[in-house]
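Residues or ranges marked as transmembrane segment by TrEMBL: 14-34, 69-89, 101-121, 127-145, 157-175. The feature domain 'Oxidoreductase molybdopterin-binding' is assigned by TrEMBL to 228-373. Residues annotated as domain 'Moybdenum cofactor oxidoreductase dimerisation' in TrEMBL: 395-487. What TrEMBL lists as region 'Disordered' is 482-505.
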Ligand SMILES: Nc1nc2c(c(=O)[nH]1)N[C@H]1C(S)=C(S)[C@@H](COP(=O)(O)O)O[C@H]1N2
Ligand SMILES: [Mo]
C-alpha cells in the first residue's frame, strides 16, 4: 500500500482546514449574505454552469433548498482553497523556522485572491483576518510551555477550532437579521395606498391558516442564493437595440414620472400545483409603455430581451409589456432588495419569470432568442395557468369542515370557485373574497384601465363531513365562464396545471 492510499490528516491539516473555515466565516462576519461574501461568486459560477436538467430537478424536488446546498458547496470550495493555501504557507514557515511567516503569507494570499474574486476589501479583509488569526493563535498555543497531558499538536488543533468557532459567534451577532416586515402598512403610506391596503385587509376572509389578500410573506425566486445589491443612485434603466432613439432613466427620473399603484399577483412556473410560490402585493410604478413609446421600438420579431443586475435575462413578446409597469414600491415601501430594488418589471398575467427584478435594460431585438430559463428547458414566458389552491383546512366548533385557499387566473380573472367533497362527482360554489380594486392612483385618463386586473381571490367552503375519508377538489371558473382544465401536469416545463385535491379524514 502506498503512503497516499490511506490519508491520515495531521495536526497541520486540521489547523489549515479550520483556517479555511475561519476565512469563510470572517468574510461572512464582514459582509453577511452579500454578493461580496467569498462564497457568492463561486455559487454564481456553479449556478451558471450547472446543467439545465440538474437545475430543473433541483427546483422541483428541493425548491430553494437546492440553492442553499449550492451555496454550502461554494463555501466548501472556498474552505478547501484557503486550507490548501494555509497548508503551503505553514510549511514555508516551518522551513524558515519563523512562526509569523505562515499566518502572514496565508493571510496575504487569501486577501489577494479574495479581492480578485469579490472586489470587496471588507470581505477579503475578513477572510484574511480569519485565516491569519487562526494560524497565528494555533502557532502560539503550540509553542506554549507544556502543561498537563495535552500535546502541542492537540493544543494547536483546539486553538484553531476555537478561533473558527469564536469567529462564527461574532458573525452570528454581526449579521443578525434586521429585515423589516413588508406587509404591514408603513406610517408614511400615501392615503391611497393606505386605503387600498386597509381594504385588502378588510376584504380578506377570516379563515384560520389562510394567508390574507396581501401576502404576509411574499415568496422569492432567484437564480442566485445571494441577492444583488444595487445602489439606486448609481442605477439606471435603458431602452436599447432596435429603437428610434435609445433612452435612459435614473432612479430619480423614474420616480418623478406619472405612476400608478395596483395589486398584482405573481406565480412561479416552477412551483408545485398546490405550492406556495404564488403571492399578491400592492405595487407602485411607471407604465413601461411610457418609456417604450419614447424610444420608438422597431423590432422584426416584436420581442424584447430584458436584462438585470444579476445577469438574468428573459426574452418575450414586446406586447406583453403593454400593461406592464416598472415598479419601485411594494405595499407602500421602497421595493425590498429581495424583490428587485430599485426597480423591477411587473407583467400582468404572465408567469413570474419575466417579471424581471433589478432591471437594467430593455433591449428591443430583431431575432427571437432564448432567455435564462428557456436555455435550461423551461417554457415560462407565457400567460399563467389558472389554479385554485387548497391551503386551509379547519374543523369548525359545530363540527363542519372548512376548506379554503386562493384562486388565480392571471388577467382572465376568477369569477367563481367550485368545490367537490366527493372526488369530483358533484360541485358546489364556494364563497369568494370581493375583487380587489385593481388600480389606485392611476394618472391616466378617467375610466381608462391600463389592463385587466391581475389579482387572486380567496375562497372558502364549509360542509358537513361525510363519514370517513373523502376527497376535496377545488377548481376555478374564469371570468368568461371557462372551467379550469382538470388534467394534472407537473411544473416542468410549462408550469403546473390541473385541479387541486386533498384527502380529508
Ligand atoms: N433579475 C431577476 N429577476 C427575476 C428572477 C431572477 O432570478 N433574477 N427570478 C424570476 C422568477 S423565476 C420569478 S417566479 C419572479 C419571482 O419574483 P419574487 O422573487 O419577487 O417573488 O422573479 C423573476 N425575476
Ligand atoms: Mo419563476
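Keep in mind that glycine also has a Cβ here, set from the backbone N, Cα and C atoms.
The structure displayed is predicted, hence computed values, not measured ones.
Across the domain 'Oxidoreductase molybdopterin-binding' (228-373), DSSP assigns 24 helix, 60 strand, 62 coil.
Non-local neighbours of the region 'Disordered' (482-505) in the same chain are 56, 59-60, 269-275, 351, 377-380, 382, 384-390, 393, 401, 403, 405, 409, 412, 421, 423-424, 465, 468-476; each lies 6+ residues outside the stretch with a CB under 8 Å from one of its CB atoms. Sequence-remote contacts of a segment are chain residues at least 6 beyond its ends whose Cβ falls under 8 Å from one of its Cβ atoms, and for the transmembrane segment (127-145) they are 15-16, 18-20, 22-27, 29-30, 38, 82, 85-86, 89-90, 93, 99-100, 102-104, 106-108, 110-111, 114, 152-153, 155-160, 162-164, 167. Each of 14-34, 69-89, 157-175 was scored by its Cβ pairs under 8 Å to the transmembrane segment (101-121), and the highest score goes to 69-89. Mean model confidence for the domain 'Oxidoreductase molybdopterin-binding' (228-373) is a pLDDT of 96.
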